[in-house]
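Enquirer: I have a structure here, written as structure tokens, and I will follow up with some questions on it.
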Amino acid sequence: MEKVNPATEGVSFNEQNGAPPTENYQAEAGARRGSIAMNIVQNPLTRSSHAQCVADAEMYAETHGMPEHKALFGRAALVARDPSSFERLQELDEPERNALVYERDHKWHGPTMLWYSISLCAIGAATQGWDQTGSNGANLSFPKEFGIDSGTGRDQWIVGLVNAIIFLTAGLIGAFITDPLNYYLGRRGEIFLTALCLTATPIGSGFAQSWQGLFAARFVLGIGIGAKNATVPIYSAEMAPARIRGALVMFWQLWVVIGIFLGFCANVIVKDTGNIAWRLQLGSAFIPSFILACGIWFCPESPRWLMKHGKHAQAFQSMNRLRAHPIIAARDYYYSYVLYNEELKLARGSGYLSRLWDCFRVPRIRRANYGASTVMLAQQMCGINIISFYSSTIFTEVGYSNTQALYASLGYGAIQVVFTIPTLFLIDTKGRRTLTLITFPLMCIFLLAAGLSLLKTTGSVASQIGPVVLFVYLFTIMYSLGEGPVAFQYSAEVFPTIQREQGMAWVVCINNTFAGILSLTFPRMSAVMTRTGAFGFYAALNLIAWGMIFCFVRETKQLTLEEIDQVFSVPTKEFLAYETGTWLPYFVKRYILRRKIAKPPPLIAWAAEETDGGNGKSEKEVY
């Protein structure tokens, strides 16, 4: 997709979702066809005149407890109505105009509170990464401690179950208690509660006296992880400005991999403590969640959550703390309110289950669900977590000592951190879809090569294990540049505000449940199929995941959360026709055959041209 103007991208929400058209439907439809052809998407505020737009915004401020900001909202509405022309607005004073110019010219400009809030939430992500690697190191010794290291099928399933249970309960329980927790406690309250859970349960894991006790502690730990995973990305996405939302929310993935690295560091640090090493490895995961619990109440509540609960004055105060100037805060907040109101017309009065069912029933939301579910499932299909969960075990089985295996796993964690950082910048320039389509075929090749390298059994230990470690590291680099950062970022942004908690809960359920299945089955799979067979199996899944991404994942870079509606208004059939008949031939000719050809029109413009070309589709069908 081409870069688009954030505040002018989005057609009427009612028409997108099949609601009754307005009285001026024909005029609006004609205007929309023209605007789409120019790659400009209708802004709901443009339906009103200049004066009416100001009057509506001022009335909103007066009737929602903010009369002192009446004039500010009027000016902000004009900016939101045509953001590219704010310099021509006579209503703005010089400081406001300067603030908007500075924001436009300095992509990363933002107040300290924005950076603090995003960074603190990202620390919570380290809990999951740290726990994964804590169990990675603990796998070398806790089976022996509890007498489940015989190598029998029963013991292999028990070890897999102890490792897997946090993901199974995260997906099947934790993700689905997110909505009531958010409703009653708010985003901050829910994060605080889950942070307390994630502080206590790793410590409990370290004091377990049987595998059943360890299983119970990790059972509860998983519930906390699932509830946190479904809320923190939403909270981050709702605070972040559109222009850098992808990069800011991607701090989630960066801190997951930092947590993985720190967990491997902890494994190495405590490796010589004797029989309690595995206890310290599991227990040390409480550190990031403790920091999260202490710091979350210094963050502002999500403006969109406050808005949804009728606390408009508090919501604007919260947004004001997250933006560099009141005019920027009022612009972002009021435009978000206008679009939220459009969604509310369709969803008013619906309960939790009804909104969850909307994720499968409403065409626009169903397409977003396809995309989010695909990237979440692909994260497990690619096989990265067989490395995250079992790398130390794999390395010891092919010749490394326990200490060498822990250091090799530490290198794996370091690579994830180093190569996730460039994606902070690539995700909002190259895009989510592009990064995943490029990296999945390479992941397939490197994972298959790692599996085949395990067949080498002659020569020195270094010559046997060296190729395995090399290809695992190359596989990890590709993952860190694509699927790793994209999965949670993409899922947090594609659902409409009304169904965001339900949609995120569903895709987090998919992600964690399949992570649990992977963790549960890998010990037994590698025994039955051999390590090479297991690696080959996941290499093949990479190709399947690539095909799924091509069919269902749509580009969302540099669009506001609400305006992503437009991207998912094009039916899947039309989307696939565009990708296979227009985009793919262009890609082959331009980047493989190296021909200089004109870039095709973006999807939305192409869909409008197809409609106007008289192919029998009505405008409503296109959307």
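Here the Cβ of each residue, glycine as well, is placed from N, Cα and C on the backbone.
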Enquirer: Quick one: sort out which of 189-208, 569-588, 589-608 is the transmembrane segment according to TrEMBL.
Expert: 189-208
Enquirer: Determine which recorded stretch among 157-177, 214-235, 370-390, 434-455, 503-522 has the most C-beta pairs below 8 angstroms with the transmembrane segment (461-482).
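Expert: Counting Cβ pairs under 8 Å, the winner is 434-455.
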Enquirer: Could you tell me what the rest of the chain brings near the transmembrane segment (410-427), counting residues at least six beyond its ends with Cβ under 8 Å?
Expert: 133, 246-247, 250-251, 253-254, 257-258, 260-265, 267-268, 387, 391, 435, 469, 472-473, 476-477, 479-482, 484-486, 489, 557
Enquirer: Within the domain 'Major facilitator superfamily (MFS) profile' (117-557) only, compute the mean pLDDT.
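Expert: Per the prediction, mean pLDDT sits at 88 for the domain 'Major facilitator superfamily (MFS) profile' (117-557).
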Enquirer: For the transmembrane segment (534-553), which recorded stretch in the set 157-177, 189-208, 370-390, 434-455, 503-522 gives the largest number of Cβ pairs separated by under 8 Å?
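Expert: If we count Cβ pairs closer than 8 Å to the transmembrane segment (534-553), 434-455 scores highest.
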Enquirer: Which residues of the same chain, at least 6 past either end of the transmembrane segment (157-177), have a Cβ under 8 Å from a Cβ in it?
Expert: 131, 135, 139, 142-143, 148, 211, 214-215, 218-230, 389, 504-506, 508-524
Enquirer: Between the stretches 189-208, 276-299, 370-390, 434-455, which wins on the count of C-beta pairs under 8 angstroms to the transmembrane segment (503-522)?
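Expert: By the under-8 Å Cβ criterion, the transmembrane segment (503-522) pairs most with 370-390.
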